Amino acid sequence: MPSARPGSLKDPEIADLFNKHDPEKIFEDLREIGHGSFGAVYYARCNLTREIVAIKKMSYTGKQSQEKWQDILKEIRFLRQLNHPNTIEYKGCYLRESTAWLVMEYCVGSASDIIEVHKKPLHEDEIAAICLGVLSGLSYLHSLGRIHRDIKAGNILLTDNGVVKLADFGSAAIKCPANSFVGTPYWMAPEVILAMDEGQYDGKVDVWSLGITCIELAERKPPYFNMNAMSALYHIAQNESPTLPKNDWSDAFCSFVELCLKKMPAERPSSAKLLTHAYVTRPRSDTVLLELIARTKSAVRELDNLNYRKMKKILMVDTCETESAVGDTDDQQDDHAGGDSSKSNSITSEHSIHSVGVSAASSQSSSSNSIPAAAQNHHHIAAHHHQQAASAAVAAAMHHHHHPHQQPPPSWPSGQQGQPVPPGAVSRNSSRHRNRPPLPNIMHSMNNNVTPTNSASVVPAPAPAPVLPPPISVLPHLSAMGHVGGGGTGTGGSGGGSPASGGPLADRIQPVQPRYLTTPAAQAAVYAASSASSQQAISNAVNDHGPNNFATIRTTSIVTKQQKEHMQEEMHEQMSGYKRMRREHQAHLVKLEEKCKVDMEAHKTALDKEYDTLLHNFTRDLDRLETKHQQDVERRAKQTSAAEKKLHKEITLKQENDRKVYDLNRKKEYKANKERWKRELSMDESTPKRQRDLTLQSQKDNLKQHEAQEEQRMLQAQKQYIELEMRKFKRKRMIMQHEHEDQQLRDELGKKEQQLQQAHAMLLKHHEKTQELEYRQQKSVHQLREEQINKQHDTELHNQKDYMDRIKKELVRKHAVELRQQPKSLKQKELQIRKQFRETCKTQTKQYKRYKAQVLQTTPKEQQKEVIKQLKEEKHRKLTLLGEQYEQSIADMFQSQSYKLDESQVIECQRTHEQLEYELEMLTAYQNKNKKQAQEQRDRERRELENRVSVRRGLLENKMDAELQQFNQERAERLRMKHEKHTKELEAFDNESIALGFSTLSLIEVSREAYADEEGSLSGSMISLAHSNSSTSFPAGSL
């Protein structure tokens, strides 16, 4: 489902994040106090509560609008969840014209603002108090599973009550662990730089950044700050952890920093554990931060007063070479004091202020004295022009204070050499101005981002229109609130790398403008001071507009410098592009891994479905087989019952027929015996008839009795026979049933064995398919990683070469400026030498006149003409010799200065070339090491996958062998149990038969009955009984 359009509030969850009111009606008196890649931060007052707040305006239009919108939503969600004394307080958020207004708690400044104002490191107790507040805030964040990922002095804010606040959560991670490339380069932990290559990281990256911040507060800049930011990344990833010099700091502080900067995250303590460190818990004053803030405010006020006096001096005093030179000297000293500060101390993430000056300014400061001191005379003369350029821009400021939305006034007509000439600003000594070379606007000498090695020797081209010099007044506030919590506090507030630390404050500050002269309206009022009532005009401007005295320890020059540096987007775009590329790489990799995961899940689901279908088919087949067996058993039981009944019926019918035949034969025999007995008796006539009748009757009775006995015996025999045959039939049928059950069991077990073999074959097939998919997915992931690392290395090399080209071009420009300025400097020195020559000539002329007068007083008058001629010739000879000496001095000076300049430039070029080559070599070595580690990781992952596949195959085979063995055991057990059951049933039947009077042998004899086949029809069976007649029914001689 595609993401919603940036700024759309159709989603109720997103709409709930923003207030529905118009922020321009709620907040007033907006004053810009910070600037960065996200936009700007403003001081403001709420009309409803009269509360002072800071507003971070973030635009989500232009390139990557969807990404900007998601970043805004993430920061809002993050801030809404925080509730801790050491995190910035969230006030609300509004939407207006494609811009999000993020309203937060207002703070007076950041730790970087303090070192920027004082131009010197903080004390250990002050750093410890700041660390305690930071650790408390970090411990709270880490307990919620959050990571800040951009801890630095510029993001550590202070309130008027001395409470430390963590700000700028634009780079924060909502989940822990994380693995994205986010943060400010100089403060990044090694595991963040290597996040994509070596896995994830946790909240201990904030502990590393805190350690770097401690070094920043102790040395005014973080390690590797004189390097290109890209180069710093490679050094952080490869080199050992930075340390503090133990001679300058206590053991507890050095130990604390050393623990924070443990290279291995596992050895680095957590933020909660560091809260118990001796450095943080040792006794100190409870008001150490309050005193620091008060001292900083006092220093800022001193800066205001000093610069106000300078501005008044510029406006009120007529041009004077001596005064101008003094003023220019002060300005140059101030420029030197803040020279390195042109380089901001952070290249922030998308939500941090990005601002990086040219690092060559700080890395090449060793050549700052390569231009001869004589060249500075030119700049003493040029100070007046700087002051005029500054005064020409002041009028617009006061006017803008009344009308902040109006356009600035048009430029005044240009004077000589293209310099702007404000009305009433033409000096009485304008004839001298026409002979002076063009000089730069004071803006360039004070706050140019490209700080030259020798600020006294580089004079940029004149500006076509007056530009306001950036004042260092107590203007709003911290680094980009930034200072209030968002984005980019670091740039404005960090002190840069100014080498001037120590000495009186007045010698270490930049010339600034009072806070009440920061607007065009105020400047316009000050311009009126060039008239006779200038002093009254300045007082009126101050009274009318007030001192803008809202609480802050941030100077106006920081804000102005942020705005100027943000205009130089090249380095910002380069670093932002690099971060964006790393994030895109991470997103592509995550997307591919998610796709692989989804494909694997779908693959496993398909395989599981196929296997489940097979098992379901197996179950269905077994159920069908069991049903068939059950039906077969029931059918056979019915057949057995029917066969038993039929056999009983047939035997009964046969026996009835036998009895009928027996009765018929018995009657025949009885009749035959009766006739025979009658014949035999009738032949014996001697026996009386009565006796013969009695004898016949007796024989008849005996025969009937015998026949009755025979009949009874036959019935008993038939009964025993039918019972025996039925027992035999039942026994045989039981044996047949047992055999049939055995066959059914064998069929079932055979079916199960066949199914088990099919299941195992399918499992092996699935294993092969899964293995093939895993290898294919791993190959695609490895290929993507390799392509990404190659692209990343190409980008890094391209960025490094761009940086080298930029440094070389800037060095060439600097040398060209030095060469252009050299004739001016040499001309000034030549003029000084010629002036000395003229003064010497005047002195010698005076001495000659006095000497001539003395000689003529003692010389006779007739010889005076000759003496005068000789003295004149001597004078001409000495003056000629003196002129030649001065000309030779000028030539020697030209040659010496040219040689020194050439030599210093060659040395500077050589050092710069060596430094750039060293950085390129470090980058190449880092990339080679990175490639080697990446290849080793891929090989290791490949081996691990092969091992996993092999182990899985082994486990699968072991499982199949175990299942087969279990099946064999189950089959043997079931066969055994079935055999035992049948044996017991047969034994019980035989015992019952014995109890009924049947012997086992008689039961196992072959039956004389023809049983129907088990599968055949009982109707087709024939029962054949042995032939029986009456003669066989009686034993021989029974008659």
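Glycine is no exception: its Cβ is also placed from the backbone N, Cα and C atoms.
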Correct range for region 'Disordered' (source Swiss-Prot, candidates 629-648, 829-848, 869-888, 969-988): 629-648
Count of other CB atoms lying within 10 Å of the CB belonging to G39 (ATP binding site): 23
Lowest local Cβ density among I33, V41, which the record lists as binding-site residues, within 10 Å: I33
Stretch-averaged pLDDT - the coiled coil (631-765): 85
Which listed residue (H35, D150) has most other Cβ within 10 Å, given these are recorded positions: D150
Between G39 (ATP binding site) and D150 (active site, proton acceptor), the C-alpha gap once rounded to whole angstrom: 18
Spatial separation of D150 (active site, proton acceptor) from V41 (ATP binding site) - C-alpha basis, Å: 18
